[in-house]
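Quick look at what TrEMBL lists:
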ACT_SITE  186  active site, thioimidate intermediate
BINDING   108-131, 216-239  NADP(+) binding site
BINDING   181, 183  K(+) binding site
DOMAIN    9-339  domain 'IMP dehydrogenase/GMP reductase'
Ligand code: 5GP
């Protein structure tokens, strides 16, 4: 047994220090980024915020709205080939820049994305997603996927430490997804005791990835636009959101009415709800590692998106970053023991 005594930090432990700035207005800030990738020769331009590949978030309906704003959606893995084909019939080539097809690491998953990609060769991004990105089997699957699709942009995760980010990049990932345990409907830390505070995970993993020419996604734990700004400030290239995008018209999940108030169901992809729906229940040898909750219904997702983007532009003006790209260079975090004033919060 060993103990690392360096304190690791989450979003709640820091604030971003304001800096002198020549920017007069938020409208002078550009949130668009241009990326080249480590393996794929594809390039990407857009606002690097992503909807999570959860069936209550990463839906086709969500992708249509987000792509219109140049934001990205990792489409959940439970759509059938037929649903993919029907949906993609009516989209423009530009749309393919803003979606990924997601997959687990079974050979049946590999076969399924094979069918969808053969029918829709313009699909450009593949997201290989497992709860525990430290398994040898996952690395093998990633290598197999890279061999099969040399020019697709491959996202792989989740991990939280620099050495594993490097291993995944060397095994064929272009972008590594970072986060174990911070998610709004995740119970991994409770069920297993395993995890890593998200801000420190981003700082350490971004450093490892950028050293090799790779990119990272901060996945999970953002509760406010301010957290999204902190994730970019810490060095993340993309930020993935689940809970913040749940509960809208475009999110999946059942609409429920309780005493005249509307809610939408939202659940983790390893929750009992998801496992009952897709794999006929929770296998005896495992525990569910996700929650099921009811989120107050929030209407159209575009309003939430504009709120997040407005917050992010404002962060940039506070530190004098005219482009999102400059935010991390201009970020100094201060460690704090307070956040917002909650006097009027119920
Ligand atoms: P959020 O933005 O809601 O805080 O986090 C979203 C992320 O939580 C997802 O992208 C995914 O990585 C993670 N997640 C989703 N469902 C589950 C689950 O059932 N269990 C765990 N451990 N993590 C989950």
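Heads up, residue numbers simply count up from 1 along the chain you see.
Each Cβ is built from the backbone N, Cα and C atoms, and glycine gets one as well.
Residue 216 (NADP(+) binding site) falls within a strand when secondary structure is assigned with DSSP. Proximity of the recorded positions 126, 183, 186, 228 to ligand 1, judged by a Cβ distance under 6 angstroms to any of its atoms, singles out 183, 186 in sequence order. Take the binding-site residues 114, 183: by the count of other Cβ atoms within 10 Å of each Cβ, the lowest one is 114. Within 10 Å of the C-beta of residue 234 (NADP(+) binding site) we count 27 further C-beta atoms, all protein chains included. Non-local contacts of residue 186 (active site, thioimidate intermediate) by the CB criterion (under 8 A, 6+ apart in sequence, same chain) comprise 220, 268, 270, 289, 290, 291. Residue 114 (NADP(+) binding site) sits 29 Å from residue 183 (K(+) binding site), taking the C-alpha atoms as the reference points. The least crowded of the binding-site residues 216, 222, judged by other CB atoms within 10 A of its own CB, is 222. Taken as a whole, the domain 'IMP dehydrogenase/GMP reductase' (9-339) shows an average pLDDT of 96 in this prediction. A Cα-Cα distance of 27 Å separates residue 183 (K(+) binding site) from residue 108 (NADP(+) binding site). Packing around residue 181 (K(+) binding site) is summarised by its Cβ count: 24 other Cβ atoms lie within 10 angstroms of its Cβ, all protein chains included. The DSSP secondary structure for residue 186 (active site, thioimidate intermediate) is strand.
By a simple count of nearby Cβ atoms, those within 10 Å, the most crowded of the binding-site residues 126, 228 is 126. Counting in whole angstrom, residue 120 (NADP(+) binding site) lies 34 from residue 181 (K(+) binding site) by their C-alpha atoms. The two recorded residues, residue 181 (K(+) binding site) and residue 234 (NADP(+) binding site), show a Cα separation of 18 Å.
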